[in-house]
Amino acid sequence: MKPLIAPSILAADFMNLESELGRIASADYVHVDVMDYHFVPNLTLGIPVFEQLTKVSPVPVDAHLMIEDPDRWAPAYAEAGAASVTFHVEAAKDPVRLARELRRLGARASVALKPGTPVEAHLGLLREVDMVLIMTVEPGFGGQSFMADMLPKIRRTRQAAREADLDIWIQVDGGISRATIDRTADAGANVFVAGSAVYGADDAAAEISTLRDLAAAHTH
Ligand SMILES: O=C(CO)[C@@H](O)[C@H](O)COP(=O)(O)O
Ligand SMILES: [Co+2]
C-alpha cells in the first residue's frame, strides 16, 4: 500500500489558512481536526469554515471529528465536500448506520479509537468502513508525544483486515514525525497525519517528501 501523508492544519497559521494549504499542495490529503469543547477540551472550527476550506484546498480534505453526537453532525461534513469523514467510536450511537450514511453521501467512512479504547471496539466494523484511525496521542491538542504502546493496536487491526481480505486504510494521528513514522508503517499504518512535523518545518513540501520516503521504506 502506498503511504499517504495528511498534514494537520491544527499546527497551521489560522490567520492565513488559504496560503497554509498552499504549503502542503504536494500532500495526499489535508487533515482537518474538528473539536467541540465536549468530546475533547478544545474547540476549533465547524461547518462554515470547513466548507470554505474544501473549496480552496489543493488536496482532498480528511475530516477528523472529535465531537459528541457524530450521528447527527458527521453527514454534514460529507455534504460540505469532505473526501473522508472520521468519527469516534466512543461517541457514535449507531456506528454502522453512520458509516453507511457517509458512504452513501460519497465520502470515505472512517472510525477512530482513542488511546484507551481497546481495538475490539472497531474490529466488528471493518466491513463498514474504508479507514480506521488509531490515535497515537490523547485527542484534543497537537504537539504531543507519540504513544508507542499504540503499535500493537495497529498490528492487530492490520492483521484482522488481512484475515478478512479487506483493503482497509489504517491512519495514525499524533506525534508522527521522522522519529516515529517508520514504526507505525512497519506495524501496518498507511495514512500518516503530521501536524507540527510538517507545519513546523521551514520547507513543508520537503518534509512531506521525507516522511513519505521513510514510510515507504518501512511498508511491507
Ligand atoms: O487529532 C489531533 C489531535 O487531537 C491531531 O490531528 C493533531 O493535530 C496532530 O498534531 P501533531 O501531533 O502531529 O502535532
Ligand atoms: Co486529528
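Every residue, even glycine, has its Cβ placed from backbone N, Cα and C.
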Annotated companion of His31, Asp33, His64 at the divalent metal cation site, TrEMBL, chosen from Asp167, Asp173, Asp182: Asp173
Annotated substrate contacts Ser8, His64, Gly140, Phe141, Gly142, Gly143, Asp173, Gly174, Gly175, Gly195, Ser196, maximal Cα-Cα distance (Å, integer): 16
Chain-internal residues, separated by at least six, CB under 8 A from His31 (divalent metal cation binding site): Ala6, Pro7, Ser8, Ile9, Asp62, His64, Asp173, Val193, Gly195
Binding-site residues: Gly140, Gly142, Gly175 - member with fewest neighbouring CB atoms within 10 Å: Gly140
Whole-number Å value for how far Asp33 (divalent metal cation binding site) lies from Gly175 (substrate binding site) (Cα to Cα): 15
Protein Cβ atoms within 10 Å of Ser8 (substrate binding site), excluding its own: 25
